[in-house]
Amino acid sequence: MDRMTEDALRLNLLKRSLDPADERDDVLAKRLKMEGHEAMERLKMLALLKRKDLANLEVPHELPTKQDGSGVKGYEEKLNGNLRPHGDNNRTAGRPGKENINDEPVDMSARRSEPDRGRLTPSPDIIVLSDNEASSPRSSSRMEERLKAANLEMFKGKGMEERQQLIKQLRDELRLEEARLVLLKKLRQSQLQKENVVQKTPVVQNAASIVQPSPAHVGQQGLSKLPSRPGAQGIEPQNMRTLQGHSVIRSATNTTLPHMLMSQRVIAPNPAQLQGQRGPPKPGIVRTTTPNMNPAISYQPQSSSSVPCQRTTSSAIYMNLASHIQPGTVNRVSSPLPSPSAMSDAANSQAAAKLALRKQLEKTLLEIPPPKPPAPLLHFLPSAANSEFIYMVGLEEVVQSVIDSQGKNCASLLRVEPFVCAQCRTDFTPHWKQEKNGKILCEQCMTSNQKKALKAEHTNRLKNAFVKALQQEQEIEQRLQQQAALSPTTAPAVSSVSKQETIMRHHTLRQAPQPQSSLQRGIPTSARSMLSNFAQAPQLSVPGGLLGMPGVNIAYLNTGIGGHKAPSLADRQREYLLDMIPPRSISQSISGQK
């Protein structure tokens with residue numbers, strides 16, 4: 001059946017292509033009329049099928065009542081296929097030839113037999129096509145024929161020149177429409193680019209605010225963490241903390257370390273805080289604070305910012321030592337040092353200046369716009385920016401020039417030398433570009449030169465911003481160095497210390513002796529470097545205002561005092577540093593929590 005349907009469809013298409021236009025219109029009218037009749041027939045058959053199905057469902061239950069003549073239900077069929085049930089009370093007098101009152105309803109219009117009805121009933125799987133029925137391919141072919149006829153009528157009664165002029169005019173109109181299409185496309189692209197820039201601006205600002213700290217700023221974060229292994233000389237930048245909190249110990253270690261450690265400051269605290277530090281000596285304080293100070297001594301950046309860091313660290317160590325010394329065992333010395341508040345102010349001002357400089361650099365970098373990309377190529381036809389389309393246009397121009405040259409005198413044509421790219425020496429490109437200096441470049445070389453120029457301009461802007469920030473940082477460091485050079489750092493006057501006082505001080509510092517063999521195994525490299533710093537450090541004294549005394553001098557830190565006592569002083573320094581090393585349990589807890 002499907003095969004017959006396809007053959008019938010092909011035959012109908014062939015017949016329609018051979019029919020004239022008038023016959024087609026008549027056939028269309030006939031087809032519409034036949035389709036109307038077929039639709040009415042189908043509606044009637046559907047109504048009959050519905051009535052028959054309903055009768056089969058209800059009539060067997062009502063057969064006894066029909067014989068009695070009570071409660072008989074019937075169905076009246078209308079032409080539009082609707083069914084209306086009614087009883088005996090609604091029935092009118094019997095119409096002769098249509099239906100009997102005492103019998104069930106009989107449809108007199110159903111004269112066809114069952115095989116005929118089954119054959120004429122439309123099946124959902126079979127499409128019946130008549131010879132006069134049109135199809136969709138026919139409508140499209142009809143439109144093409146009409147357009148072809150219109151195009152032929154356009155050229156009727158015109159000469160060759162008039163036809164060429166008309167073709168040229170139509171070609172110009174086509175190019176204008178193509179140019180308008182390109183313009184609309186570019187306008188749409190520019191609108192989309194503006195929307196994307198507006199949406200991406202906050203994201204770029206949020207991402208640029210997370211900038212890694214500069215090396216100069218990292219130098220201010222030297223006092224942060226215990227080294228993870230003895231061979232570690234430097235400190236990684238991600239493990240450093242700023243000096244804004246002025247505290248060495250993290251809040252996570254508060255439960256494991258003594259409460260007195262929270263008052264130990266890297267930058268020298270005020271005298272009111274030092275009043276709580278005086279009292280009986282506690283060895284745990286000295287041992288636990290040393291790991292947080294050793295990295296600051298071993299970490300020496302190239303800039304001069306390490307000078308105030310070492311000075312504040314040594315002053316903090318001296319304050320810890322002064323808490324172990326009895327007031328009556330040392331003579332007074334009149335040798336004032338710069339106050340801790342001045343040193344803390346200098347360090348704070350330096351850190352604040354570098355932080356402000358870093359923020360200014362970040363702001364400057366955010367203000368520098370990224371290199372603007374060149375206009376994107378439009379990869380659709382027709383487009384003046386598409387190379388393939390330009391190739392076709394050029395080929396069309398060449399063919400047109402050849403056609404024009406055949407009908408004219410060849411001598412009148414001008415000969416033009418072909419262009420050659422001054423950079424890549426090629427002689428073929430969709431677009432030739434001429435620079436201001438007269439050089440002719442191909443499209444590829446011109447695009448690459450534009451990209452290089454934009455990238456170089458952006459790189460120069462970034463370079464200028466970094467150079468300016470570096471110069472400002474150097475000026476700040478020089479100013480701080482000059483201020484540090486003006487302040488006195490040494491005390492010339494030294495008082496004599498008796499032998500008994502030295503022995504008492506020695507016993508005071510060694511309150512918790514430990515075996516030297518076990519302690520020397522755990523000495524980190526930073527402790528050894530601090531030992532060398534103490535051996536080379538000039539003679540320093542603690543101001544008396546910190547300890548409630550006119551002046552206290554730590555003479556055993558200077559190896560030049562008393563040549564005959566040099567070995568004993570070196571031993572004392574080594575023993576003092578060994579006492580400052582924390583127990584293994586505390587160091588492991590600190591490193592584990594960090």
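Just so you know, glycine gets a Cβ as well, placed from its N, Cα and C.
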Per Swiss-Prot, the candidate from SER130, SER314, SER323, SER349 carrying the annotation phosphoserine: SER130
Selected residue, Swiss-Prot feature phosphoserine, from candidates SER123, SER214: SER123
Candidate set SER70, SER135, SER589, residue annotated phosphoserine in Swiss-Prot: SER135
Feature coiled coil in Swiss-Prot, mapped to one of the ranges 246-279, 450-483, 484-517: 450-483
Swiss-Prot annotation, phosphothreonine - which of THR121, THR429: THR121
Neighbouring C-beta atoms (10 Å sphere around the C-beta of LYS455 (SUMO2 cross-link)): 11
Sparsest-packed among the recorded sites, when each Cβ's other Cβ atoms within 10 Å are tallied, from LYS354, LYS468: LYS468
For the region 'CR2' (341-481), the number of residues DSSP places in helix, strand and coil: 90 helix, 6 strand, 45 coil
Cα-nearest neighbour of LYS354 (SUMO2 cross-link) within the listed recorded sites, LYS33, LYS455, LYS468: LYS468
Number of Cβ atoms other than its own within 10 Å, given for LYS33 (SUMO2 cross-link): 11
Segment confidence, the region 'CR2' (341-481), expressed as mean pLDDT: 80
